[in-house]
Amino acid sequence: MGSRFTPLLFLLLMISIPFSSSSKSDNINNKNNNNKLSLDYYKKTCPDFDRIVREQIQDKQSKQPTTAAGTVRILLHDCMVSGCDGSILIASNSFNKAERDADINLSLPGDALDVVSRIKTILELSCPGVVSCSDILAEAARDLIVMQGGPFYTVPLGRKDGLVSKAETVEGNLPRSNMSMDQMLKIFEVKGFSAREMVALMGAHTIGFAHCTEFKDRIYKYSKKTPTDPEINPKYAEALKSLCANDTDGTMSAFNDVLTPTKFDNMYFKNLPRGLAALASDHMLIKDPRTKGFAEWFAANQTAFFEEFGRGMQKLGALNVKTGNDGEVRRRCDTFNDDQT
């Protein structure tokens with residue numbers, strides 16, 4: 001499903017808003033499998049890997065500016081469920097409802113799925129049967145972050161693609177915008193992430209976007225006496241209402257960082273105390289004592305945010321990776337090899 005954007009929200013806020021600031025076994029498997037990954041994994045078998053990925057993401061991002069945010073989101077949704085194995089890329093068929101069709105994944109942007117597929121097609125011509133879709137996704141996400149001004153971090157390679165993708169495995173492994181902070185922290189804690197690391201990873205919202213369906217309760221149904229959450233900046237709330245009034249098919253979206261939406265920076269954190277967070281889960285970062293200090297730290301220090309984010313992404317990219325005979329190198333990213341014979 002695609003997303004539709006409007007310049008209204010961005011223009012209104014540029015005019016109106018001032019810029020002044022007011023489990024253990026899994027972890028063992030992560031370490032063991034991560035040791036089998038290497039930075040030069042494709043140096044001999046597919047020497048053009050880096051170039052092909054870089055050229056394709058640059059072309060796609062220049063034509064579809066939401067590709068970067070979408071690709072980072074798909075990586076998170078892949079790694080947090082069954083590990084970084086490309087299972088999110090599998091399409092459902094008459095015999096199997098795949099992860100991609102779980103309720104929370106129905107809004108994943110097609111542009112991000114498309115760029116991975118494009119890269120895979122070209123790589124199959126250059127070095128057939130060598131590069132996994134999970135490696136493509138991890139590398140593409142990093143390159144898109146850098147392309148938008150974000151931090152460079154190393155991406156060890158050598159992942160194999162998973163052999164299972166089932167929609168029923170998704171629920172409970174991914175954060176939702178209406179979750180409590182206890183629930184969100186628990187989801188990340190189970191995967192081995194601290195509160196600091198969770199806040200850093202949520203900083204990816206600086207180039208992200210949210211569908212009206214994810215925050216409409218905050219602007220229309222906050223309470224019986226107060227329809228709109230009073231902690232949302234009033235002008236921002238009105239702009240969101242104007243945007244979502246036209247959301248007849250559930251595809252209208254607003255940028256999470258309304259001031260620098262296409263730049264990977266720390267503005268997302270600066271916006272939180274200004275009431276410029278559409279998602280309740282984002283707003284909680286500046287309210288809950290377990291996360292507030294980290295959000296304030298990243299708002300004040302972009303270098304610290306970049307360093308913590310880079311480390312967090314490296315850790316995310318190593319979650320339960322498959323290597324050796326635990327997976328395969330798919331010929332097509334949306335289909336298991338056994339389904340293609």
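From the backbone N, Cα and C atoms, a Cβ is placed for every residue, glycine too.
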If you consult TrEMBL, the disulfide counterpart of C79 among C46, C84 turns out to be C84
Among the candidates C127, C133, C212, the one bonded to C333 through a disulphide according to TrEMBL is C133
Candidates C127, C212; TrEMBL says the disulfide mate of C46 is C127
With neighbours defined as other CB atoms within 10 A, the best-packed of the disulfide-bonded residues C79, C133, C212, C244 is C133
One should report the C-alpha separation between C79 (disulfide bond) and D85 (Ca(2+) 1 binding site), rounded to whole angstrom, as 7
Candidates R73, H77 (recorded positions); min other-Cβ count within 10 Å returns H77
Among the disulfide-bonded residues listed as C84, C127, C133, C212, C244, C333, within 10 angstroms of D78 (Ca(2+) 1 binding site) by C-alpha we get C84
S87 (Ca(2+) 1 binding site) sits from C244 (disulfide bond) (Cα to Cα, rounded, in Å) at a distance of 32
